[in-house]
């Protein structure tokens, strides 16, 4: 099993080209099931989760061909299987997004109850609720969610019980082929939902309101083919900006969207960073100074993203002063904290809050990644710690960061991927 070996400390400075968004690419890939015509997707990142998604789609009968450097041709005309099996779904919760398109286009579909990062309970209840409102019959048996409908799904007025990115994407995609109008309220507003809606509209869907708390979908009978470029990854952008902040360096992120990161940029500015933005770039300069501790509360977009919480925990750990981070989206999302304590962090967890008392420096240690974003914080910690840090279980980071060690090396990090003990 591979691991990272990192020699610190170092100041990270330079330019980073941001990859396509994992959190947009996954629902868009699953949404290709809605069309029987060829689709070209561009700016697709090379990630483990993308590979898993393509393997799942191929098992359903989808033809997928990679075209360097970052495009994939998708043809879902000959789908002849309607079940997403446990072997693939267990590694990635996003597989639930196959269910809506399958039942919308083919009248049936089944997906194994999902797996993925071990971050608390991410129930599928809201996905099921939304599909039922559209007329789908749902059964849960033998570890599978089975959905079916006679004829087409029917448009409905749906008020989601809770703001959920995943459920919003499921219901919105299924509603594109439903008969009539669907009004979906209390939906998530994340940019990745807007990107998915824009993609579906390119194919002939009629979706309005994505990015607000109410989405209106006028159902159509079929979707055509087309070409679409995935949005840049705002979480990868934020991660590399934090890399510059915690190492007292200067980092420029290119091919990104500053407007999707306003909450993160505000906190980085509060931490003492000099921030400049252009149309598709963001510059962060710490002028060689330690960051100042900040208080953060994760909330749905446009609030501070839960996927940046672990990185800001690290920022507070090496900042001047004391910072409090409150996690309101997922429970059990502080699994990186005990690992950072091994490196010298002064941190206290109280329920869904982590209190960080800043220290001057961390010490290298052997640590273990527990989930995608936590693994990123551990890698960055290794870059700024005194001595050698090894990060185990880096398959977590490969799920969501494209060539992270190569990008960090270009910024001045001493990091290598090595073979660990079996």
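Heads up, the Cβ atoms here are built off N, Cα and C, so glycines get one too.
Copied over from Swiss-Prot, here are the features:
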- 117: active site, proton donor (ACT_SITE)
- 22, 23: phosphoenolpyruvate binding site (BINDING)
- 93, 122, 123, 124, 125, 126, 162, 163, 164, 165, 307, 329: UDP-N-acetyl-alpha-D-glucosamine binding site (BINDING)
- 117: 2-(S-cysteinyl)pyruvic acid O-phosphothioketal (MOD_RES)
Out of 22, 93, 162, which of the binding-site residues has the smallest number of neighbouring Cβ atoms within 10 Å?
162
Closest of 123, 162, 164 to residue 22 (phosphoenolpyruvate binding site), Cα positions, binding-site residues only:
164
Find, for the listed binding-site residues 23, 125, the residue with the lowest Cβ contact count at a 10 Å cut-off, counting only other Cβ atoms.
125
What does the structure give for the C-alpha distance between residue 123 (UDP-N-acetyl-alpha-D-glucosamine binding site) and residue 23 (phosphoenolpyruvate binding site)? Integer Å is fine.
18
Name the residues of the same chain, 6+ apart in sequence, whose Cβ is under 8 Å from the Cβ of residue 307 (UDP-N-acetyl-alpha-D-glucosamine binding site)?
23, 235, 238, 373
Relative to the Cβ of residue 164 (UDP-N-acetyl-alpha-D-glucosamine binding site), which residues of the same chain, six or more apart in sequence, are found under 8 Å away?
126, 188
Kindly assign residue 123 (UDP-N-acetyl-alpha-D-glucosamine binding site) to one of the three DSSP-derived states: helix, strand or coil.
coil
